[in-house]
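Novice: The structure's right below; bear with me while I get my questions together.
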Amino acid sequence: MMKIKSAVSSAVLFSALLGLSACSDDADKQQTNEAQQTEAQVTVADAEKFVADAEKRLSEISEYGARIAWVNANFVTHDTTQLNAKVGEEYTKLGVELANGAKQFNDLELPYDLNRKLEMIKLGLTLPAPSDADKTKKLAEITSKLDSIYATGKSPDGRNLGQLSEVLRTSRDPQEQLEAWLGWRTVSPEMRPLYQEMVEIANEGSKELGYKDTGAMWRSKYDMPADDFANEMDRLWGQVEPLYEALHCHVRAELNEEYGDEVVALDKPIPAHLLGNMWAQQWGNIYDLVAPEGATKGVDLDPILRKHYGVDHEVVTYNEKEKAVKKMVKTAENFFSSLGFAPLPDTFWERSLFVKPRDRDVQCHASAWDIDNQEDIRIKMCTEINAEDFQTVHHELGHNYYQRAYKDQPILYKGSANDGFHEAIGDTVALSITPAYLKQIGLIEEEPDADADIALLMRSAMDKVAFLPFGLMVDKWRWQVFNGEVSAADYNKGWWNLRTEYQGIAPAVERSEVDFDPGAKYHIPGNTPYSRYFLAHILQFQFFRDMCEMAGNEGPLHRCSFYGNKEVGAKLNAMLEMGSSRPWQDALEAMTGQREMDATAVLEYYAPLKTWLDEQNKDRNCGW
Ligand code: X8Z
Ligand code: ZN
């Protein structure tokens, strides 16, 4: 997760002025009346002053809050969790004050930047609290606690998420996989009452700010009406759904061959524990089970990486691993350097966390941080040397290069065009990790020829295409939770309904409302909105197609690499530098000439695979 910026500022004055109180219909009305009264008196100069104050306070809390959050995530203890809650509380308080304060300028004709910055302030928080000190405190305590439950979670037999994930990645024994899958899901039931209370408080806060509920607030962050955004998500999904269904059909058939009808039925959703990943969100780890037979082999990166980075022996020490991981990060840095980006600062290497420490709990979910809004950028990853983390290292550096590119923007514009852009940059670069590129940097000796295309595309689709419905359903669930369509009594049922409807997967053993399976996915207790990853999985192909065209690529899209192309780098940098100063449509147009997100590049990229899958599936009953 990218370290989220706070949008907050000077508002003691404004909240007093607005007479805010705990949320009720009456309070809302009072607020509107007073706001209108105030509106008559406020001037553009007042708005300027308000925003300037906001930016100052925001900068201060952002740096200090980031340092506390960093320490907490790197040393998850009772005390750091409390400190994190404390600063979270301060931050939310400020955010709510500011968002309410910003409303007084609603009817004022304002210059573009002032207006945009006020909008940023209104939309700045992810989970707003109502203007009630006790509830704000409670919300911060809950979110900090949820985060720490996830970070410190272990299965009943003492295995952590990394160990359990390794079983899913490498084991081909369904029983062993099911145990690991179930083991991790013992961590989350404890979260359920906390989550429920959190939803209630955040919804109260969102209503106070003028949104129907917290989901509606999240959907309002895309430079278009909230309802239009939900339709956009569905439209994009509609573009890629046939490709996903073709992949699903083939994968299910191959798993049926491997495990038999008893484990994988041909007319049912795929059991969720068999796809090589704890959440069945990316399936690349079981590529070996679905690899096209008879076709020329692609590139099996896992052993290549282990050999290249010097950890292909039996017992790997901590120091060896850290050294190997740093080298792998260097490889990713080198790619960005080849595009013309300045090297990462020394402090990146000194202050990042690269490997899971042996003696303490850390929040292992990979993240990129911008501590001081200038040069102090870092990653935090419990990195392993494998293909999955090779990809993630590029993903995280994409965040860091974005952060550094917009460092000279005012604090309210230090963000991406929309949050999908932030998630897409590193992935776009990583699409250039083609065999030709791997040969260029000495990871492989020979490039497989065109006969290997289906294998290469299949390996990629197992991650990128498989991800799409997961990327979509996570926030569909949260939208339904926030708007009450899914009540607390049905949290798990609602989750599995969507998992089955969109992904065509199902739990192998019955689940109940004693469980809280959504909580076993980082972004739920972590309260990181998830639509951004769905968008990123569309946008990265859209960016990539354009960058490849610029690089003069003439072959098929999936064989394109823009490694070393400074012209492409300059164009990318121009978009990154804009931060969130313009609506995302402008940034997309600057980059691709299009103002709409569009999945045709995904379809183009995988077109040969789709033809092949349709041929394989022609006598199969697809769907679930
Ligand atoms: O959370 C992440 C990144 C950090 S922003 C590692 N991702 C999503 C996930 O792991 O669920 C990247 C892909 C999707
Ligand atoms: Zn990310």
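Including glycine, each Cβ sits where the backbone N, Cα and C put it.
Whatever TrEMBL says is automated annotation, not expert-curated.
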Novice: TrEMBL records His395, His399 as Zn(2+) 1-binding residues. Which of Glu350, Glu423, Glu445 is assigned to the same site?
Specialist: Glu423
Novice: Looking at the recorded positions listed here (His399, Glu423, Arg532, Cys548), whose Cα lies nearest to that of His523 (active site, proton donor 2)?
Specialist: Arg532
Novice: Enumerate in sequence order the recorded positions Tyr222, Cys364, His399 whose Cβ-atom distance to ligand 1 is under 6 angstroms.
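Specialist: Passing the 6 Å Cβ check against ligand 1: none.
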Novice: So which of Cys364, Glu423, His523, listed as recorded positions, have a Cβ under 6 Å from an atom of ligand 2?
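Specialist: Correct list: Glu423.
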Novice: Around Cys382 (disulfide bond), how many other CB atoms lie within 10 A of its CB?
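Specialist: There are 19 such Cβ atoms around Cys382 (disulfide bond).
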Novice: Using C-alpha positions only, work out which of the recorded positions Tyr222, His395, Glu396, His399 is nearest to Cys548 (disulfide bond).
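Specialist: For Cys548 (disulfide bond), the spatially nearest of the recorded positions is His395.
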Novice: Using C-alpha positions only, work out which of the recorded positions Cys364, Cys382, Glu423 is nearest to Tyr222 (chloride binding site).
Specialist: Glu423
Novice: Name, in the order they occur in the sequence, the residues of the same chain whose CB lies under 8 A from the CB of Cys364 (disulfide bond) and which sit 6 or more residues away.
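Specialist: Cys364 (disulfide bond) has long-range Cβ partners Ala151, Asn160, Leu161, Gly162, Lys356, Met381, Cys382.
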Novice: Where among the recorded positions His395, His523 do you find the Cβ with the fewest other Cβ atoms within 10 Å?
Specialist: His523
Novice: Out of His395, Glu396, His399, Glu423, Arg532, which of these recorded positions is nearest Cys560 (disulfide bond) by C-alpha distance?
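Specialist: Out of the listed candidates, the nearest Cα belongs to His395.
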